Structure formats: C-alpha cells, structure tokens
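As structure tokens, the structure follows; a few thoughts come after it.
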C-alpha cells in the first residue's frame, strides 16, 4: 500500500461507511453464531474504497480469508487500503498504479506460497483472466466466481460459449438489485458529482450526448435533464432507443451532433465508441468522459500523437490541444468517471456488496452438482432478501399477502414475488 501511516484516517472512513451499509452489518450480526464462509479463501479484485472495506471485513466476520487487489488504477483510496492492511488483510493497491503495477498487484494476490484461493470475487474480469492465463491449474480448487460488472460478465459468457469456463460463475451485474440500483440510481447521482468536481461546470442549457441508454445511460440522462441540460442519446438497440424517445430524449447518431455538443459521455461497455475522427470534429472546450467500466470506449490512444499537446490541469483533468488551438477536456484519461473523480453513494454500494456476499455464500456452500460450469443469475429470492434488508433504513413497512390473496396469485406468502424473467 502507499502509506501505512494513513491507516487511522482509513479506519474512520470505514466506520462512517458502516453507518450507511445496514444490510452488511445485519449479515455480520447473523453470522456471530454460524460462519457460512468458514474455510473460504477469497481472492478479490474490486475498487478499494471504504465501502469495499466494509464488504471485506464482513466476509472476514463470516469466516473467510481474503486477499485483495484493485480493479482500476485510479479508484483506490490509499488510506482505506492502509487501514485494511493494518487490520491484517493482504491488500495490494494504491491510487495511480501503472499498468505493470496493476498486473503485479493481481499476481501478488494469487501467486503466494501455501495459500490457494477457492473463491474469486471479480469486478471487470481482470483477475479471472490473469488466473486463466498464468495459473489455470488453480481452477481445480476454485468453487466459483462472482462477477459484478457488465464487462466481466461479458467475458465470462464468452468463456462459457467457447467451453472454457471450468467453474460455476454468478452474474451479480444482472441481478435486479445490482442493475436497477447500482447502475441506475448510483449513476444518476454520481455523474453530476464527477463532472462538477473536475470542471466546475454549469449544466443548465448545455448540450450533452450520452452514448448508450442502458441502466447507466438512463441514470446519467435523468440527472442531466433535471439540471436543464439538452440531452441527446445514441443507441444500437431499438428497445432502449424507443425508451429514450419516450423519456423525451432526441435519438441521434454521434456524427450528427458531435460538432455542437458541450459534453460527450460514454455508457456502452463497447470499444471505440468515440473515435479520433469524432475527437477531431469536437468544438473547443468539449468535455469528454466515460461512465462504463473499461477505458476502451473513448479511443484515448489515438490522442497520444506528436501534433497534439497534453496539459494536466488538475488531478484527473487533461486538456488535449490541437495545432490550431482547439482543446478538449478529457476526464480520468477515459477511465470510469465516478470512481476516478468523485465518490459513489455508500447506500447503493451496500445493496451491491450484500448481493456479492450472498452470491459467494451460495456458490461456496452449494452441494456438488447444483451449479454446473456455466454463468448463473442470482436467485430472485436472494434479490428480494437484499432489498428487504435495506427497507428499515427508510422506516418502510411491507404489506403482507393474506392467504386468500397468495392463493389467488399463485404465490408463496414469503416470495419470490416475481418470475425470474420479470424485468
């Protein structure tokens, strides 16, 4: 870690996060008797923030041993990494790692004498990819993978299709509690925060194009529209495109608006959505940023050429200047804006982290044969359980079905209340 002396500050941040993560604290209480992860050796690769620390310490309280690395070179909070290291967690992460550092950290988590992981918790698939590439024999001992990002899940489905997935995997990203809350509500709150902190910009009247109208795109568009921005959307999927139109957004091709917009935001999970040609045509002072997990959506590599000048303006803000004096404002070098440039609301991460913990417990304790070498969604019952653990925070009271009503709907009074295909 960067500096172990910061551990005390990190500990305070973790304690503050605990206040906003009621479900994880509830899991800890329940686990005082039984330890559902006793014997689990979890190797993790996620954003190392105060919220992740609460998850890691909860996994520890449930009986697991953990080793951890960061899934993004900018999103680690150094003081939190120090606090975790201080309390005995092997952590390999600091803010501002180089690419080589990044893979070195992941390797140090996995390649260790006398410690063999039996569970993987991944965000983006880099850890899983590294083990496949360098230590494929490890999969003999691994009971399962829990993956929480669109990008990582995509990589798992590719492995599964190619017949190369040799352990069961839980797709947490598409569980309702992750998708609707972390992807939608979290981005709705953190997009404005990331842009404000880096650029001090005013949103009213600005023209913005949001590439992609999945859950992340929907959250970003809702926030910007509420602030008085004029929002355009690009989309490849006719269903999402129709939703954008119904929500009052103009559906366009990027080429049609690239000259006039003030901000370009990518939320697709794809690559080369914003190309050098687009960047060349942008107007002076256009702000360019990415809300997707990977740094592939904006072709940043094409900007590293001799005729363009890079000027670091403040942390995570670069001005890229063309020979004629035109400049664009690039945030976080095209990496994930909200985790690189601002913070993410703790409460929403409580929902995701609880889902991850339950997925780990489910895969770790599953009897032989329940899960094959494939990618699974979290059972709906667990999604409902995660949601119910968060309701007391709002002093919210659920209505219970009468026996007659339950019979009429053909449901168990305790759920699950919706079929698995319900979206």
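Using N, Cα and C of the backbone, Cβ positions are placed for all residues, glycine too.
Sequence annotations record features per position, and here TrEMBL assigns substrate binding site to 49, 123, 148, 178, 182. Sequence annotations record features per position, and here TrEMBL assigns domain 'S-adenosyl-L-homocysteine hydrolase NAD binding' to 183-344. TrEMBL lists 214, 215, 216, 217, 218, 219, 235, 338 with the feature NAD(+) binding site.
Features as recorded by TrEMBL, highlighted on the structure.
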{"residue": "123", "record": "substrate binding site", "Cβ within 10 Å": "26"}
{"residue": "148", "record": "substrate binding site", "Cβ within 10 Å": "26"}
{"residue": "182", "record": "substrate binding site", "Cβ within 10 Å": "26"}
{"residue": "214", "record": "NAD(+) binding site", "Cβ within 10 Å": "20"}
{"residue": "215", "record": "NAD(+) binding site", "Cβ within 10 Å": "24"}
{"residue": "216", "record": "NAD(+) binding site", "Cβ within 10 Å": "28"}
{"residue": "217", "record": "NAD(+) binding site", "Cβ within 10 Å": "28"}
{"residue": "219", "record": "NAD(+) binding site", "Cβ within 10 Å": "24"}
{"residue": "235", "record": "NAD(+) binding site", "Cβ within 10 Å": "23"}
{"residue": "338", "record": "NAD(+) binding site", "Cβ within 10 Å": "24"}
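Spacing of residue 338 (NAD(+) binding site) relative to residue 182 (substrate binding site) is 12 Å (Cα to Cα, whole number). Rounded to a whole number, the C-alpha distance linking residue 216 (NAD(+) binding site) with residue 178 (substrate binding site) is 11 angstrom. The CA atom of residue 218 (NAD(+) binding site) is located 12 Å away from the CA atom of residue 182 (substrate binding site). The NAD(+) site in the record is lined by 214, 215, 216, 217, 218, 219, 235, 338, and its two most distant CA atoms lie 22 Å apart.
Summarising the environment of residue 218 (NAD(+) binding site), the number of other Cβ atoms within 10 Å of its Cβ, over all protein chains shown, is 25. Counting only same-chain residues six or more apart in sequence, the Cβ atoms lying under 8 angstroms from the Cβ of residue 49 (substrate binding site) belong to 17, 75, 76, 77, 80, 339, 343, 344, 349. Across the annotated binding residues for substrate (49, 123, 148, 178, 182), the two most widely spaced Cα atoms sit 18 Å apart. Over the domain 'S-adenosyl-L-homocysteine hydrolase NAD binding' (183-344) the predicted model carries a mean pLDDT of 96. When the binding-site residues 123, 148, 178 are ranked by how far their Cα is from the Cα of residue 214 (NAD(+) binding site), 178 comes first.
Distance between Cα atoms for residue 148 (substrate binding site) and residue 215 (NAD(+) binding site): 14 Å, as a whole number.
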